Amino acid sequence: MKTLYSLRRSYPVETLFNGTIALAGRDQETTGFAWWAGNARLINLSGKLLGAHVAHAGLIVFWAGAMNLFEVAHFVPEKPMYEQGLILLPHLATLGWGVGPGGEIVDTFPYFVSGVLHLISSAVLGFGGIYHALIGPETLEESFPFFGYVWKDRNKMTTILGIHLILLGVGAFLPVLKALYFGGVYDTWAPGGGDVRKITNPTLNPSAIFGYLLKSPFGGEGWIVSVDNLEDVIGGHVWLGSICIFGGIWHILTKPFAWARRAFVWSGEAYLSYSLAALSLFGFIACCFVWFNNTVYPSEFYGPTGPEASQAQAFTFLVRDQRLGASVGSAQGPTGLGKYLMRSPTGEIIFGGETMRFWDLRAPWLEPLRGPNGLDLSKLKKDIQPWQERRSAEYMTHAPLGSLNSVGGVATEINAVNYVSPRSWLSTSHFVLGFFFFVGHLWHAGRARAAAAGFEKGIDRDFEPVLSMTPLN
């Protein structure tokens with residue numbers, strides 16, 4: 001049997017179950033990787049690796065288009081989106097497509113168009129992926145030197161980084177254009193229960209935008225997740241887009257400084273580990289955003305946040321009992337604290353009962369009833385609107401609690417409905433994926449550093465027990 005290792009190897013060698021599966025330049029003997037090691041076989045075949053990446057993009061866009069059309073086909077306009085297990089249509093509605101006052105869906109045609117556009121795009125990407133995987137040149141360096149690269153070429157790598165940053169910057173400006181010029185976006189804080197509006201005055205003050213980055217991530221601070229108005233959201237996209245574009249130009253025009261050349265490992269697997277770390281961070285941030293934030297993820301589409309559902313319950317029963325003659329300002333609960341209203345540690349009037357721990361919740365249906373010192377007793381008596389009652393009653397019964405078998409609500413609730421909040425699905429999935437990507441980062445970073453240090457040489461195959469065994473095939 002041919003020896004499949006050398007002392008200078010920096011990758012593990014796997015043994016094929018069936019030695020007959022072989023493709024030139026992609027078999028185990030020439031690459032050191034078995035078929036199931038995927039793109040590792042293509043590390044030095046830039047043309048084939050391009051095919052794998054383009055095909056992967058095609059799969060992603062195909063999922064988006066197919067799932068989009070699936071949600072459109074199943075959508076019932078009479079029910080809220082969050083009752084229907086939808087995760088893509090809420091994003092489109094948040095961008096202001098097909099939605100009217102109060103978050104009511106008035107037109108599903110834009111959603112259909114979005115799905116079809118993604119399907120068509122996926123066909124183009126799929127064709128490109130298959131072409132480059134099977135027909136196009138194995139390596140790009142000879143025929144198309146602009147697209148060719150060597151992993152160790154630090155200058156070329158930072159040029160590629162710069163191109164990616166410019167593309168990301170352009171992407172960050174797309175929601176800005178939508179909000180400013182193309183019909184606006186959905187604002188859950190618009191008076192009367194939310195509406196689509198153009199953002200005419202985005203926040204460009206750097207102290208306001210970068211102030212979010214300097215806030216604590218804990219408690220009432222909430223880092224960037226605490227953003228509560230669309231002016232700051234769109235202004236943040238302007239800043240991020242600009243930074244990405246200028247940073248991209250910088251990386252294209254410059255070579256890495258000496259400290260950067262020393263600090264980083266310059267290999268394909270190292271770049272993979274850096275990317276996985278970034279994606280892991282994105283996943284954790286997205287998890288917190290969709291769980292806590294009801295401005296970027298409006299409750300009309302995603303369902304209430306946990307604190308919002310809890311406060312909605314207190315509000316709903318305050319409204320009911322006030323109608324029945326209860327004095328909500330002075331009634332005491334079983335603990336001697338206020339039954340409906342009490343004071344927060346800093347003196348504001350807040351809802352009493354178990355929901356006191358969520359006293360700092362801000363929600364569009366509740367804010368009109370506040371005064372300078374928290375909830376305003378006279379507003380609670382005279383100013384509650386029917387839409388506020390309807391919305392809080394709806395949110396009260398749709399808390400983002402739920403088990404895998406889709407029995408939603410509090411575990412002890414006898415009238416539980418078949419409901420799990422999209423907030424639960426999206427935050428849980430992004431947390432789990434963020435964690436797995438972090439583990440992948442550690443794995444690939446460790447291997448890349450070991451390879452760079454020259455001490456990952458693999459198992460010495462001369463003493464490998466499997467060599468004395470009968471081949472499986």
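For all residues, glycine too, the Cβ spot is worked out from N, Cα and C.
Matching 291-312, 379-400 against Swiss-Prot, the residues noted as transmembrane segment span 291-312. Note on Swiss-Prot: of 45-65, 255-275, 423-443, the range annotated with the feature transmembrane segment is 255-275. Between the stretches 347-371, 447-471, Swiss-Prot puts its transmembrane segment entry on 447-471. When the ranges 109-131, 178-200, 224-246 are checked against Swiss-Prot, the one recorded as transmembrane segment is 178-200.
For the transmembrane segment (134-155), the most Cβ-contacting stretch among 69-93, 178-200, 255-275, 291-312 is 255-275 (pairs under 8 Å). E367 ([CaMn4O5] cluster binding site) carries a helical DSSP state (H, G or I).
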